[in-house]
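So the structure is just underneath, and the comments pick up after that.
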Amino acid sequence: MSQMRLVVVGASGRMGRTLVRAIAEAPDLVLAGAVEPEGSPHLGTDAGVLAGLPPLDVTVSDDALPLFAAAEGVIDFTIPKASIAFAGLAAQARIVHVIGTTGFDAAEQAAVEAAARHATIVKSGNMSLGVNLVAALVKRVAATLDDSFDIEVLEMHHNRKIDAPSGTALLLGEAAAAGRQVALSSHGVFERHGITGARTPGEIGFATLRGGTVVGEHEVIFAGPHERISIGHRAEDRMIFARGALAAARWARGRKPGLYSMNDVLGLADI
Ligand SMILES: NC(=O)C1=CN([C@@H]2O[C@H](COP(=O)(O)OP(=O)(O)OC[C@H]3O[C@@H](n4cnc5c(N)ncnc54)[C@H](O)[C@@H]3O)[C@@H](O)[C@H]2O)C=CC1
Ligand SMILES: O=C(O)C1=N[C@H](C(=O)O)C[C@H](O)C1
């Protein structure tokens, strides 16, 4: 099979630069374009140089559509508003769209779902094998334990992160809720402050920490009577997310339109 031509949007971001390096090291993939928004100081710069590599002869552009039209996939770790716009363009160009962006509200998530009627989209709050395996374990443990075990989801990230709780924390909360056969929307507790009253059985609590350069740490605690189970994951390098996103693009190539997750890519759905 020929090399898969990929466009990286948000190419100057922390993940964008990591993705450019990950594509450069993959013999079956080629960087076909790099996009940043209008006004970015990086427009016109070589995407390889931006990522700390020798030049790749791909300059950063703010004109996504012609690049999408000449590619087979777009890898997108940007912001929700941009990802929705890119979903429309990817559908128009009939290319694979891998979305790693987090922080979507309900309306934005609905817009992605609508785009997936015409586009092949893989979207996940965390593209790493490790976190998706942890999510499968969390679902299993939550299904096994009753409400006498309180579930709390903890996360810590670097001080530049703009959304909370993290996409991964929500993914793990959804896994716990699915195991318990409840909706996260009715059982999730995202803030505690002041005289909150005692914990309601069945709550799924979230706690967010921000500081320094932490790549991403998550822990799900099942706190029961006189014992506590803790399942966690520590990301040590953004390359785990980038390689996961590239695996998603390869998997999605040639698949019919729809909204897929990393469970589909990794074959973890039934664990
Ligand atoms: N699903 C996963 O495995 C992971 C998801 N993320 C998520 O990816 C997103 C990006 O994270 P970082 O790279 O750390 O952020 P960042 O702020 O370093 O990079 C975001 C980039 O997107 C660009 N951007 C914004 N609007 C754009 C537009 N309209 N067109 C083109 N580019 C645009 C920005 O200029 C910036 O370069 C966040 O939502 C984060 O939570 C991050 C790591 C892993
Ligand atoms: O913003 C980040 O950095 C990360 N975002 C994702 C999230 O919101 O969970 C994934 C990873 O933890 C890093």
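Numbers here mean position along the shown chain, with the first residue as 1.
Placed from the backbone N, Cα and C atoms, the Cβ positions cover glycine too.
Residues or ranges marked as domain 'Dihydrodipicolinate reductase N-terminal' by TrEMBL: 4-127.
Sequence-distant neighbours of G10 (NAD(+) binding site) (same chain, 6+ apart, CB under 8 A from its CB) are G16, V35, E36, D76, F77, T78, A82. Secondary structure at G10 (NAD(+) binding site), taken from DSSP and collapsed to helix, strand or coil, is coil. Residues annotated as NAD(+) binding site in TrEMBL: G10, A11, S12, G13, R14, M15, E36, G100, T101, T102, S124, G125, N126, M127.
If you look up TrEMBL, you'll see 130-266 marked as domain 'Dihydrodipicolinate reductase C-terminal'.
Around H157 (active site, proton donor/acceptor), the same-chain residues at least 6 positions away in sequence with a Cβ under 8 Å from its Cβ are S166, L209, R210, V214, V215, G216, E217. DSSP gives H157 (active site, proton donor/acceptor) a strand state. Marked as active site, proton donor/acceptor by TrEMBL: H157.
Taken from TrEMBL, the feature (S)-2,3,4,5-tetrahydrodipicolinate binding site applies to H158, G167, T168. Sequence-distant neighbours of H158 ((S)-2,3,4,5-tetrahydrodipicolinate binding site) (same chain, 6+ apart, CB under 8 A from its CB) are R210, G211, G212, T213, V214, V215.
Within its own chain, K161 (active site, proton donor) has R210 as residues 6 or more apart in sequence whose C-beta sits under 8 angstroms from its own. As annotated by TrEMBL, active site, proton donor applies to K161.
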Secondary structure content of the domain 'Dihydrodipicolinate reductase C-terminal' (130-266), with strand meaning DSSP E or B: 52 helix, 38 strand, 47 coil
Binding-site residues near ligand 2 among S12, E36, G167, T168 (Cβ under 6 Å): G167, T168
Cα distance (Å, whole number) from S124 (NAD(+) binding site) to T168 ((S)-2,3,4,5-tetrahydrodipicolinate binding site): 8
